[in-house]
Number of protein chains: 2
Amino acid sequence: MKAWLIEQLQRLNMSEALVRPEGFTRQGYTTEETNAITVFRAIAEELGLASVEDAAGNIIARWEVPGGENAAVATGSHLDTVPNGGAFDGGAGIVCSLGAVKLLKQASFEPQRPIEVICFRSEESSRFGVSTIGSKAMSGLFDPTIGSLKDQHGTTLAEAVASQGFDWENLSKAKRPKEQLQSFVELHIEQGLHIVEHQKNYGVVKSIACPIRLTVTFNGKAGHTGTTPMDRRQDALTTAALFISFVQETALQLNDAYEKSLVATVSKLTSAPNSMNVIPHTVIAGVDIRSVDDLLKQKMAKAIRIEAERIEQTTGVSIAIDVLVDNPSVLLDPPLAEQLASDHETYSVHHMDSGAGHDVMNMAQVWPSGLLFIPCEDGLSHHPDESATAEDLVMGAELLARFLMEATTQ
Amino acid sequence: MKAWLIEQLQRLNMSEALVRPEGFTRQGYTTEETNAITVFRAIAEELGLASVEDAAGNIIARWEVPGGENAAVATGSHLDTVPNGGAFDGGAGIVCSLGAVKLLKQASFEPQRPIEVICFRSEESSRFGVSTIGSKAMSGLFDPTIGSLKDQHGTTLAEAVASQGFDWENLSKAKRPKEQLQSFVELHIEQGLHIVEHQKNYGVVKSIACPIRLTVTFNGKAGHTGTTPMDRRQDALTTAALFISFVQETALQLNDAYEKSLVATVSKLTSAPNSMNVIPHTVIAGVDIRSVDDLLKQKMAKAIRIEAERIEQTTGVSIAIDVLVDNPSVLLDPPLAEQLASDHETYSVHHMDSGAGHDVMNMAQVWPSGLLFIPCEDGLSHHPDESATAEDLVMGAELLARFLMEATTQ
């Protein structure tokens, strides 16, 4: 199983090396993502699964059970990456899901319900600033107004979708009736160090922190860098620097002051005109705030608003704050979490929260859903050094096989 | 003269409005710059000047004097702009120079030496990070190694030069023998408020502050914004924010502590990967430091180095500093400055320094050179609202005409 899982991950990533200096760049609704999905369908077919593509480009690879119950039990993840990301974020969930099917087939298991491995489109928010587009469509959470969002090259989301053969106008048709699925479990690398620090083998997630995302625009005044006295400037970048430091310091303070953890990051920043001899007149920053404690997240956002008003007064640079995303945290299905955590003699479990969003948070709006974490090296993700051990991938396949077996035996 | 000067400025800027919301974008070695230069040659021809193009694309428009002295007296400026800059930075010097010739022709003046109006190529540093490329070539200060510098679209300086019909390998041929010119005077908008604040009409510059320019690279570590705890990050952007605030605060302090003024600006900044859910791993910043007091400039650069080492220790983000430019200030010719300032009954003069570099700083390395400033509205430049009054343009033409007359009468 170990060799098979690694081989499939190599095929999906089209690289013998799973850790390499440039990482992997396979953004949502690109040919790179589509190519990986084509490999996924080939592997599913080799396992005897028939796969179909929905209107959003999600793939549902299905183990049909003609005489059994209708509602399927599903597992899955995604194959898109951030730019220069790793081979495991999304990929680990996909190969462990396929590995689980392989284990059940090898054991000649006969499910009483259909089993599905789902590969979702465009999970990462790095290209268009919105995440989990495929699973939103499948869960009926599709927002048609975001088709005009642009990537850094000016391509709109609707154009990107069309480039891969899908029609933005039809994306809502990917919505599945509730009765088609009984439950959904996603497996993902942890992207942190909680499992290892608690000396456990894997994690079962209770709730998922959804971000508040802000776009903050600083409007100052251009001027010649050589002739504009220091005390007569409205420099958008020095104002943004005060803001960035405030976000960092306040997030550290809130972590000290409250039990639940919070992270806040100024992750995007562009400065204009970005010329050596012109004072920056406009800075646009993206802020990502997360905590499973929604009140703590709101406290951070409120502190940012108050500070922005204060800085505006002292610097003369105007600051506008737009809310891109503000969703409450998602509580996953407690009975399913209990099932995923129970009766393990081989592997020990850590109950935890997830700081990152995943496709399962959309699926959980409709179907009882669960999330399994396997450890990843140094807690790293969204980084070329992102990796998980072959042993932990095997554990992942076994955990998912057990879930699928239990859920399709009743 | 007033209407004529405005009309020529409109022709050069190809716009009836000389102040407009988008300003003017006419970067060095682009078709836009070349188009404006073509208009310049047409106006020069209308005034009876024969113009030639040198190997760097500079234009020398010449009033020939067959029987007179050989060494010409020259004036001039440039026609390139920063992105979304104004119509007057460079343009004012060009039209006042042409206007001076027109005044002398109207007065049937007969010069004893040739008179030249020079239009230099690519004065602004906004495109390639280096300034005054044309005048460097003419003064023999051409540095062939910078041909590989790239603009933001990846075009090299050598390629840009080639795109306008010139050969980077031949640029050094634009160097003129010392005996070809007797003296050079540039007129420019002040890009500040010193003249107005001293209630004078125009400025004569004693020395020009040349910048120290640094490229500062912050290397941190990427990570998921939702899962990497605040106290385990090596965020390149929060580190850069500390640096930006330090530069701003230290520049303000040095201005309070010393007689001569200093400006320091973090004018360029890019952050990578610039993704909503990835902690910034690399920030590259450009710093521009200027003062006519070279020791003060060095003091600022040294403070930056010491602080960078300190921040590196506290944040774990490595900081590398590269020096792009570090030139001493340029003292202009004192007798020429005295001549430009003397005997004025109509206009009152303010003696001052220049915080910005100009083509004249290169010409001054070879020929006795002077720099005249006319006021500009609100001291603004490198900004769409940059402007100068028609009355001050007329004054500029008259000041240059007087200089040309005096210098070609002996």
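Placement of Cβ uses the backbone N, Cα and C atoms for every residue, glycine included.
What TrEMBL says about this one:
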- B:H78, B:D89, B:H188: Zn(2+) 1 binding site (BINDING)
- B:D89, B:E124, B:H382: Zn(2+) 2 binding site (BINDING)
- B:R213, B:N277, B:R290: allantoate binding site (BINDING)
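Checking the binding-site residues B:H78, B:H188, B:N277 against chain A with a Cβ-Cβ cut-off of under 8 Å leaves B:N277. B:E124 (Zn(2+) 2 binding site) is 14 Å away from B:R213 (allantoate binding site) when you measure Cα to Cα. Checking each of the binding-site residues (B:E124, B:N277, B:R290, B:H382) against B:H78 (Zn(2+) 1 binding site), the C-alpha distance stays within 10 Å for B:E124. Looking at B:H188 (Zn(2+) 1 binding site) and B:H382 (Zn(2+) 2 binding site), their Cα atoms lie 13 Å from each other. In this structure, the binding-site residues B:H78, B:H188, B:R213, B:R290, B:H382 were compared by how many other Cβ atoms lie within 10 Å of their Cβ, and the smallest count belongs to B:R213.
In terms of Cα distance, none of the binding-site residues chosen from B:D89, B:E124, B:H382 sits within 10 Å of B:N277 (allantoate binding site).
The Cβ of B:D89 (Zn(2+) 1 binding site) has B:T81, B:V82, B:H188, B:I189, B:Q191, B:S381, B:H382, B:E386 as same-chain neighbours under 8 Å, each 6 or more residues away in sequence. For B:E124 (Zn(2+) 2 binding site), the count of additional Cβ atoms within 10 Å of its Cβ stands at 28 [all protein chains shown].
Mapped onto three states, the DSSP output places B:N277 (allantoate binding site) in coil. Annotated pair B:R290 (allantoate binding site) and B:E124 (Zn(2+) 2 binding site), C-alpha to C-alpha distance, rounded: 16 Å. The record assigns B:R213, B:N277, B:R290 to the allantoate binding site, and the maximum Cα to Cα distance across that set is 37 Å.
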